[in-house]
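Engineer: First, the structure itself, so that you have it in front of you.
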Amino acid sequence: MILDALSLQLGYNATLVTLGAMLLGMAAGVGGTFLFLRKRALVSDAISHATLPGVAIAFMIMVAFGGDGRNLIGLLTGAAISAAFGLLCVSWLSTRTRLAEDAAIGAVLSVFFGMGIVGLTVIQGMTSGQQAGLEGFLLGSTAGMLRSDALVIAVSAALTLVLVMMLRRPLTLASFDPDYAAASGQNVARTDLAMMGIVLAVTVVGIKIVGLILIVALLIIPPVTARFWTDRTDHVILISGLLGGVAAYVGASLSAALPNLPTGPIIVLTGFACFLVSLLLAPRRGVLAAVLRHRKFQRRVHLRQGLLALAQGQPIYEKLTLRLLRREGYALPDGVATQEGRGRAGRALLDETRWQLIRRDPSFEAAAAHYDGLTPIERVLTPDQITEIDSRIPAPQGVHP
Amino acid sequence: MSGAEFVPLSLTPLLIGICVAIACALPGNFLVLRRQALIGDAISHVVLPGIVVAFLITGVIAAWPMLLGAAGAAIIAVAAIEAIRRLGKIEPGAAMGVVFTTMFAGGVLLLEQSDTSSVHLDVEHALFGNLESLIWLDATGWRSLLDPQALRGLPVELARMAGAMLVVATFTFFFWRPLKISTFDEGFAQTIGMRTQPLGLALVIVSAVAAVAAFDAVGSIIVIAMFICPPAAARLMTNRLEHQVAWSVLFAALAAVFGYVAAGYGPIWLGHGSSVSAAGMIATVSGVILALAALWAPHRKRGGDAMHTGSDTTP
């Protein structure tokens, strides 16, 4: 059953929904990247909550004109208008008053959502119109979605994706380095507006599938996840779009195949699973890589300190140090240096002595800044400089290799 | 409006609304000034999985397991946000977005998977709350306020919310100076030996207490609105923290009263049959207050009065 869903064997309607969700996930992943790079991820939270009053008012207007109020395009138009108004309020509050952007976001999201709830309760009291399914906008629902609805979503998600792809260069530049973008003649304010327009479009299209509370996740989680795998902006965009698409595809398929699995939460949790894997396993920025790096560094420090102790004939009590020395063949189990160990220890001591000398000499200040107890001095100074330093080492010069 | 109708039906929801508004607005003042306004948003989303898990474990809808579950979820969320921020080197806003959407999604999923249809636990309830239903059936009129028999029938939410408000007010009163100093000048607070990190954590915990207590009674949306709107409006009214807190309490109470009245009686006055969501209306009114403040309040602009800000807000 799950395999059927993943391979799009559940009928035309389910296939359309799954593909629509995938396109939406890709658009959200790509569009969200610019939001994330611009450090304005939570603005999307205000936008998504601000869609609710629009949905409610659009429903009421459509009922007032004699419809049953369930026309998806009508509802989404209402959502877009009120979300745009909410976005306007956020930017007005955060630029024209002394309130910070986070307060503006919080105020707009709570007040608009409150108004939307008032609207929903008004609708509940209404006798005409078919209100069933309006709650689907809160948490998303694909069950009972009409074929035409699925088509609307798939087409608008595809259009949004194309729009993002067309605008990706100016958007990348503006989110990566707004000052440079402005200096090179780009209208950053207009690019920002375009970015917000894309986020708005993704949000409005997505609320039927993911729900207005969880659409934020589709805009935030994929870019954050993608950031773990690469340092290049264009790769972040690509990976993020891919992850968003995969999460939405898998989530929508699972939800179509299994009863009682609401689409929105499943998509979000799939995305989070990708995030968790990346957080732990990503090659350079992941937790596992960081732990390994730390352990490697720790071993190098222990080995170095152990060699210095050997060179100075001090006993080694630290167990890890002793084990490392033994494994490298520098010491016997009782802590006595081997032939090779004595040579290594001598070199370590010489290196340390040279470092001590240049760190005391102000004329080597720049080189001395590289001292971390591990870097060999040959990497910082030229052979001539080292010869010069060596001439200052007083005889007897300790253990020689 | 006769007492016989007002006291049993409207007095307790109104009082609970006022308690919620004030309990959230007080810590909200500091959160807004510290640019942590969205913590209220995050907390109110993450308590859902906590409440659902508490229900799944105990099998009953009871106050204490739910409060504990919600508090546990809030703590997990704070820890997770901090862990993701540090381990992944991700900016706080994005880390918060990842955590609260995921936890909310988990809560919804658990709700749908478990059989909670027999009890009053669903997502709409968690979001909207049900302030209107917290009525005092044993009351017959104003005289019931002195009748111990009737008083025993008061909704427990009233006592719980009043308690939460008291906790928040006590915290604000006793930690006033440290809170004020560390909010405006964390560096200075640290140099005079103040432990600002535990204090910041305590502020978040107190906010969570207010949010969790309110969540059960009135839903999450009003909590977010009260954390932000009254303090933000108050911030535009004055440059002194003392005055700001006083204004925020006033605005919160006004929003609760007008919102409740507008929700309960407004539709009837307009000739509409049924009442609308009180929590939603209270949030809406708080937004109206903020909008008025943003348009006409004396200190709405930034910059210009920076000199005053400097001299007036130092302790």
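Every residue gets a Cβ built from N, Cα and C, even glycine.
Copying in the features that TrEMBL gives for the protein in this structure:
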TRANSMEM  A:12-37  transmembrane segment
TRANSMEM  A:49-66  transmembrane segment
TRANSMEM  A:72-93  transmembrane segment
TRANSMEM  A:105-126  transmembrane segment
TRANSMEM  A:146-167  transmembrane segment
TRANSMEM  A:236-258  transmembrane segment
TRANSMEM  A:264-283  transmembrane segment
Engineer: Does the transmembrane segment (A:49-66) reach the transmembrane segment (A:146-167), going by 3 or more CB pairs under 8 Å (6 or more apart in sequence)?
Structural biologist: no
Engineer: Under 8 Å for C-beta pairs, could you tell me which stretch among A:72-93, A:105-126, A:264-283 has the largest tally with the transmembrane segment (A:146-167)?
Structural biologist: A:72-93
Engineer: Could you tell me whether the transmembrane segment (A:72-93) and the transmembrane segment (A:105-126) have 3+ CB pairs under 8 A, leaving out pairs under 6 positions apart?
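Structural biologist: Answer yes, regions in contact.
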Engineer: Count the CB pairs under 8 A between the transmembrane segment (A:12-37) and each of A:72-93, A:236-258, A:264-283, then give me the winner.
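Structural biologist: By Cβ pairs under 8 Å, A:236-258 leads among A:72-93, A:236-258, A:264-283.
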